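Feature list (source: TrEMBL):
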TRANSMEM  12-31  transmembrane segment
TRANSMEM  75-93  transmembrane segment
TRANSMEM  100-133  transmembrane segment
TRANSMEM  251-270  transmembrane segment
TRANSMEM  290-310  transmembrane segment
TRANSMEM  429-448  transmembrane segment
TRANSMEM  460-480  transmembrane segment
REGION    493-515  region 'Disordered'
Amino acid sequence: MRLKAALPKLELYLYAAVLYLSLLWAGTWIWDASADNVNRKVFKKSVKPGWHYFGRKMDVADFEWVMWFTTFRNHILFALAGHVIFAKVCSLISPRHRSLIYGLYGGLAVLVSMGGGFLALVLSHCFILYSVALVKRKWIVFVAGLASLATFKMEPFNTWQQGFVTGYFDLQDILFYGGSCFTIMRCMSFALENCEKKDGNYTFTDLLKYNFYLPFFYFGPIQTFDQFHVQANNPNLTRKQREMWNITTGALLHLGAIFVVDVFFHYLYILTIPNDMKLVKQLSDWSLAGLAYSNLVYDWVKAAVMFGVINTVARLDHLDPPQPPKCITMLYVFAETHFDRGINDWLCKYVYDYIGGSHKQIFKELVATICTFVVTTLWLGPCELVYIWSFFNCFGLNLELWVDKIFSLPPFSNIEYAIGEAMSRRIRAVFGALNFWTIILYNVLALNSLEFAKLVGKRLIVQGFPLSTLSVLFVTYCGVQLVKERERKQAFLDDPEPAAVPQDMPEEVGKMKAE
């Protein structure tokens, strides 16, 4: 495979030096922009006093991060700690019924936090979709499930359902939308798995135990019903060797990441700067590129930490939850781009893989990706920005397939074989660098604004050509090569003795993909 093509060590050292020095340079520009403009009017809205011993203000533009690790940190920790203690005691007393006890504790926590009206609303949606699951027709499940999800995304149904929650507090909207929308996705997973069940049906109690597992209820991630049902009802609670060590190490890494992010927020105002377009237009091309890249890196870190905290609790309950998303720095293909692996796994299993099959037929792949992004658009909430994001990511995913298909056919496959594995890897890294920045631009508009994404694209592609464009792409090329080297080493660890490839390679071998 081309993935196992090695490059000279000196060349890799050069790539690493260029990448790290460039990131340091861009970071210095952002640092200066943060320090020199801290008193701007736009900054006063989202740059607040931070840790006093740093002597600097802190970027608090991301409400979700502030909510989790500052404002409502104690409330969230109290709820999760209560679950851990309660779950541990109940697991010791009655391991066979621990999933039921998890569900009862979760239902009680929802009742206390959001009130009986919201609990009744969630139960009504569960009952409706459970009734649909008994029909055992997947298309009916999708129609009913997506219609239920739409009621939380569109007026006047959304406002009417919000009326079931009495009173008001700061977290109400987040808990309402998180709990209700994740409930619909879990109910759809339950119903679709029930369609696959050949003998009888799962019970309504099974659905409630699955849906009201507290660590996943409000914030995710989504674990598909088939996995949760097997793991939560497994009476064997013995742990693998060093499992507790790995859980403890992961928890400490998450704490370290939280500390590092908080420190960075005191010096790099990467979330506030994009909101001040007058300042953004004054930044250099390198600063803009670094700002766009750092926003996606931060969003990945946030997802990894938040889901990591929840996953730590789930692993203590002997579950195997969805893994954190793949680091944005290592993404140079659209097929692996996601920030929520739980939703990604859900979409792949029930939509993308179900429709696309082997993903070798271009038309079926097109239909599969369109359907996937239609569901994703509804999940994120239909609006102009989401429509644009979905269109470009859907287009990018299909374009990857088309290009891969074209270059897997003669004469391109023969040319690739003739130039050798190392040169093939270099050429593929060039395309990977272009793809990387396409992914950055397509996703930064969803994280910041369409205006900011357009400015970054204009400066890097049009106004900055050729110097800024080519230099940024070269640095990205260096990064892609380092990622490919890591993948090459991992491939050898996974398959230390790959099968030998004949010298006279038939054309079919040329169809092997690089990844």
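Placement of Cβ uses the backbone N, Cα and C atoms for every residue, glycine included.
Curation plays no part in TrEMBL annotations; they are all automatic predictions.
Sequence-remote contacts of a segment are chain residues at least 6 beyond its ends whose Cβ falls under 8 Å from one of its Cβ atoms, and for the transmembrane segment (75-93) they are 68, 101-102, 105-106, 109, 113, 171, 214-215, 237, 309-310, 313, 316-318.
Within the same chain, residues 79, 82-83, 86-87, 90, 94, 140-141, 144-145, 148, 161, 164-167, 172, 175-176, 179-180, 183-184, 187-188, 190-191, 194-195, 201-202, 204-205, 207-214, 217, 232, 317 sit at least 6 positions outside the transmembrane segment (100-133) and bring their C-beta atoms closer than 8 Å to a C-beta of that stretch. If you count C-beta pairs under 8 angstroms between the transmembrane segment (429-448) and each of 12-31, 290-310, 460-480, the highest count goes to 460-480.
The transmembrane segment (460-480) shares more Cβ pairs under 8 Å with 12-31 than with any other stretch in the list 12-31, 251-270, 290-310.
Residues 27, 30-31, 33-35, 38, 43, 47, 50-51, 54, 56-61, 65, 69, 291, 294-295, 298, 301-302, 304-305, 308-309, 312 of the same chain lie 6 or more positions beyond the ends of the transmembrane segment (251-270) yet place their CB under 8 Å from a CB of it.
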